[in-house]
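Marked as transmembrane segment by TrEMBL: B:12-34, B:46-67, B:73-96, B:160-180, B:211-230, B:242-271, B:277-297.
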Amino acid sequence: MSQDTKTELRGVIRQRVTTLPGLATAAFVMLALSFPYLPSTGQFEVFLVAQIFAFAIAAVAFNVLLGYTGLLSFGHAAFFGGAAYAVGFVLRYTAISELFILLPIGIVTAAALAVVIGYISVRYTEVYYSLLMLALSFLIYVLMVKLYTITGGTDGLPISAPTVGGVDYVALWGYSGFLQGILYYVIAISFLISIGLMWIFMNSPFGLTLKTIRDNPERARAIGIPVIKYRWYATIVSGVFTGVGGVMYAVLNSHITPDTVLHWSRSGEFAFMAVLGGVGSFVGPIAGAGAFIMIRSQAQQLTEYWHFVMGAALFLIIVLEPAGIAGIAKRSYRKATESIRGDD
Amino acid sequence: MVIELITQQIPLVLNALFLASVLFLLGTGLSIIYGMLNFLNLAHAAFLVLGAYVASTVVTQIVGVFGDTLGTSGLFIILVLGLLIIVPFIIAMVGLTMEQTIFKPIYGLEDDYQLLATFGVILMMEDGMKFIWGGQPVTASAPSELLGSISLLGGSTYPLWPIFGTVLTMVIGIVLYYFFEETRLGKITLAMAEDDEIVGVTGINTRLVHLQVYVIGITLAALGGALFIPNASMTSGLALQFVILAFAVLVIGGLGSLKGAIAASLLIGFTRSFGSYYIPQLELAIVFILMAAVMLIKPTGLFGDIKA
């Protein structure tokens, strides 16, 4: 890299960082990294935020398909749960318990599933894509439930706390020390890296091609874009990062069952998070995942019929505010700037 | 030896036919509503579960009021009237209320968003049913017990209710066929599936037709539930499984095809019935493999001609 491009790059970075979104991102990263040591943070809050990060990875990955490619997948639980189960199997059947080995294994599993399931599903669009994803992911769910001698059936698999970099922190610091000091940071950093990578993907020619396909598949085909192939790639990218979320979920919750990670209502929840946050926005689904987990944890404390609350929330968001939280934020931002200008 | 093998299959075949009947009632309703009204209702299968719950309550009430005072045949007739008239009526009322309040605002949305919004509706309906009927499985075996059973070849007995249900479904299928092919309303519906604006221009009240078709669709699902419950038990959690089975019927049979729905229900019914006997681990899995295979080989479904 020449001196010239280096300064240019620095300029670009400086320019980007000093804009409002740049500053917000920087503030968000600082807050995320210092969160466990803020004075009012307890173990429960750390767990909750780590949970949000794990789901946010999956929700943003889900939105790569829904928001950028225009495909509604009802089968993302297969990638999420597939990666989680890969971790579970390795822990159960081998002596490996190192997070930095488990994570790649989970990712590769999710990628393999996405390659196969995606290859079949992308021949269709719209509802048929959704249904084919649904059927194929349900197949994996059924296999995990029925082949219980291998998979633990509906009881699922325990996920013992892994070693990180060869050190067994649970033995050293106890579980709460491990959660606050290590696991939270592993999840937060995975979250930041995943989001960063997806941001780069979506703003590269690859992401722009996906948008072209979403907006007008016929025209995209006419200018020589292999539409089906690109939809397949998008499914794989989305599946891989959903798998990262799945591994994080498994390690954080220390137990997985087919119903918690593989059931198709999990796929519906990713869709929920994306829509709640706003499918038209890259960062929207992060807010969506946060709001989803918060609403759910409140609803669960209030009533045993929290599914009803979630269903009503999803329904109302789609009917009343299809652009989600991002849409509300954008509108109030515009109103605020307008009123400031009006005062001048 | 050979005879024994054949007699062993008879209950399986009867089970398959009964399961196919329930699936047919479920899938046709979904197919009609999607094909003719262009409304993709993921929550359709919840009406089957709702029908089953309402049927169980109706049966319990009837048995409680009349007890043995009527004699078995009188009681049986009342039960059947309850299942065939009271249950569909209640479901139709509930369905119409939901149509006005919940479904109407989402008709204009794209299919994707209809799927998501009705996913929310499933969650609400599931918990609503759990609230009313509790989390325990419910059943209503009185009609099946009153109808008794027959002895099959080879000395085993088989309840008559599934056979009754199968015959009844056949009748309903014929009536439906007649309805769409011969009646005025049926023809208007078919025309509306093609272009409802033009139909509206000719002075037909399309909204009314829409409501009628919608009620027929959900009532069919509710009937499926009412036929299902005397021979099985129902929990609100089963709604999600029926959702997928309903779409399997739709996809395998082909959109908007009555013939397709029949063929698909039979295919799934036989697969599940024999599958659960011979390879219980994989019976549900086979249904989904079947569904994926049909979509790959013939995307329009077995009898459909609308391309995905």
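Backbone N, Cα and C define each Cβ position, glycine as well.
TrEMBL labels come from automatic prediction, so no person has curated them.
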- prompt: Near the transmembrane segment (B:12-34), which residues from the same chain, at least 6 beyond its ends, have a CB less than 8 A from one of its CBs?
  reply: 40-41, 44-45, 47-48, 158, 162-163, 165-166, 168-170, 172-173, 176, 213-214, 216-221, 223-225, 227-228, 231, 242, 245-250, 253, 255-258, 260-262, 264-266, 268-270, 272-274, 277
Intrachain residues whose Cβ lies under 8 Å of the transmembrane segment (B:242-271), provided they are six or more past its termini: 13, 16-21, 23-24, 26-28, 30-32, 34-36, 42-46, 48-49, 122, 173, 176-177, 180, 193, 221, 283, 286-288, 290-291, 294-295, 300-306
Query: Counting only residues 6+ away from its ends, which parts of the chain sit with a Cβ under 8 Å from the transmembrane segment (B:73-96)?
result: 47, 50-51, 54-55, 58-59, 62-63, 66, 142-143, 146-147, 211, 214-215, 218-219, 221-223, 225-227
